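**Student:** Positions annotated as 5-phospho-alpha-D-ribose 1-diphosphate binding site by Swiss-Prot, on the basis of sequence analysis: Arg78, Arg103, Asp130, Pro131, Met132, Leu133, Ala134, Thr135, Gly136, Gly137, Ser138, Asp199. The uracil binding site annotation in Swiss-Prot covers Ile193, Gly198, Asp199, Ala200.
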Amino acid sequence: MKVVEVKHPLVRHKIGLMREGDISTKRFRELAAEVGSLLTYEATADFETETVTIEGWNGPVEVDQIKGKKVTVVPILRAGLGMMDGVLEHIPSARISVVGIYRDEETLEPVPYFEKLASDMNERIALIVDPMLATGGSMIATIDLLKKRGCTSIKALVLVAAPEGIKALEAAHPDVELYTAAIDRCLNEKGYILPGLGDAGDKIFGTK
C-alpha cells in the first residue's frame, strides 16, 4: 500500500497548532480544512492531464486540463466534514458521497448507520476524508462499501494516522493510497491516537 506522510513545512506547522490542548473550535475547524487542502494537493499530483485549445483573450491558446475519471469526495461522518471544504477548494466540481460510521466505544468496531453515494462510483476516483486513522475500522468499512459499488480508484486522506491503523488498512486494502499529515506513536488502551489531536469530531463541531 502506498503511504505518504506529507512533511511539507506548512503541513507540519499546522498539525502542530492542532495539537494544542486549549485550541478553539473555530481555529481547529479552520486548520482541519487547511490541512485537508494541502493533502489534496499531494494526493492529486499523479492526476493525468491533456492539452486542449481554448479561446483566450488574444486568440486560441493551448492549456492543460485534468482528464480521466472524475472525483467524488467521501467524508466519513461526522468529523470528515471538517476536511471536505479543503478538498472542494481544489476540485469544486467533485460529487459528494457521504458515509456515516461511528466507532463502538466498547468493542472499538465500526457501526455503519448512513450512506449516500454518487450513482456512478465505478467511473470516479474516491477521495475519502476522515481526520483520524486509529484502529482503521471505519476507513476499512468505508472502502468495503465503495468497492461494493464498483469504485476501483480510492485514496484516503487523514490528518493523523496510527501505525496500528495503517497496518490494518494495508492488510484489508493494499491497493488504496493513504495520505496523512502525521504518523503518530501508537494507540492507547481505548483506541485513541497518541499523541493525536483529541476527539477531532468534538473539536470541529464544538459538541460532545
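Glycine is treated like the rest: Cβ placed from N, Cα and C.
Each of the listed features needs to be described in terms of its position in the shown structure.
**Tutor:** Other Cβ atoms within 10 Å of the Cβ of Asp199 (uracil binding site) number 14 in total over all chains.
DSSP assigns Ile193 (uracil binding site) to a strand segment in the three-state reduction.
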**Student:** Whole-number Å distance between the CA of Asp199 (uracil binding site) and the CA of Met132 (5-phospho-alpha-D-ribose 1-diphosphate binding site)?
**Tutor:** 9
**Student:** Who sits close to Ile193 (uracil binding site): which same-chain residues at least 6 apart have their Cβ under 8 Å from its Cβ?
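**Tutor:** Counting only residues 6 or more apart in sequence, the Cβ neighbours of Ile193 (uracil binding site) under 8 Å are Met132, Ala134, Val160, Ala161, Ala162, Asp184, Cys186, Leu187.
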**Student:** List, in sequence order, the residues of the same chain other than Ile193, Gly198, Asp199, Ala200 whose Cβ lies within 8 Å of the centroid of the Cβ atoms of the recorded uracil site.
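**Tutor:** Close Cβ neighbours, site residues excluded: Pro131, Met132, Val160, Tyr192, Gly196, Leu197, Gly201, Asp202, Lys203.
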